[in-house]
Amino acid sequence: MSQAPGAQPSRPSVYHERQRLELCAVHALNNVLQQQLFSQEAADEICKRLAPDSRLNPHRSLLGTGNYDVNVIMAALQGLGLATVWWDRRRPLSQLALPQVLGLILNLPSPMSLGLLSLPLRRRHWVALRQVDGVYYNLDSKLRAPEALGDEDGVRAFLAGALAQGLCEVLLVVTKDVEEKGCWLRTD
């Protein structure tokens with residue numbers, strides 16, 4: 001398909017789900033994988049497998065609206081043959097071998113509000129970061145559209161800012177081979 005003279009090249013197609021209910025874990029999974037592979041029903045099934053005899057499932061909201069914990073995310077990715085590695089925040093981000101990482105899922109504090117009224121409570125929110133066509137994107141489901149972070153320096157700067165605010169956890173999404181070899185970590 002040819003472009004008209006003077007037309008700007010189109011931006012790459014970046015898959016991005018928007019926030020619904022408390023399904024940020026589901027959105028982060030789909031956003032990091034760049035396709036809709038998981039639903040609320042699939043996440044609820046994982047919760048049941050993780051706690052089959054539990055009346056009140058500890059891996060999701062009591063209200064059944066989502067708010068899934070990291071165990072659901074890890075089990076979902078393991079079911080696809082992928083692995084997860086917690087990033088040790090004490091390490092310099094320069095040691096993170098980004099080319100070996102499929103994507104990142106961050107767990108961040110998130111303010112709560114009722115309409116325009118901010119509440120003094122903090123919830124946790126899952127956010128995906130992923131490289132698409134050489135550009136890293138913030139795929140936070142609370143954003144209207146993906147936010148370009150740029151190259152490796154851009155994503156490291158974003159991660160440094162998030163980690164500096166405290167209470168941020170970073171989960172690396174990698175292949176099993178990368179996990180086993182530990183090559184998500186630079187040793188040079």
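Cβ coordinates come from backbone N, Cα and C, glycine included.
Across all of the domain 'Josephin' (11-188), the predicted model scores a mean pLDDT of 86. According to TrEMBL, the domain 'Josephin' annotation covers 11-188.
TrEMBL lists C24 (among others) with the feature active site. Around the Cβ of C24 (active site), 28 further Cβ atoms fall within 10 Å across all displayed protein chains.
Sequence-distant neighbours of H125 (active site): residues of the same chain at least 6 apart with a C-beta under 8 Å from its C-beta are C24, N107, L108, P109, S110, D140, K142. Residues annotated as active site in TrEMBL: H125 (among others).
As annotated by TrEMBL, active site applies to D140 (among others).
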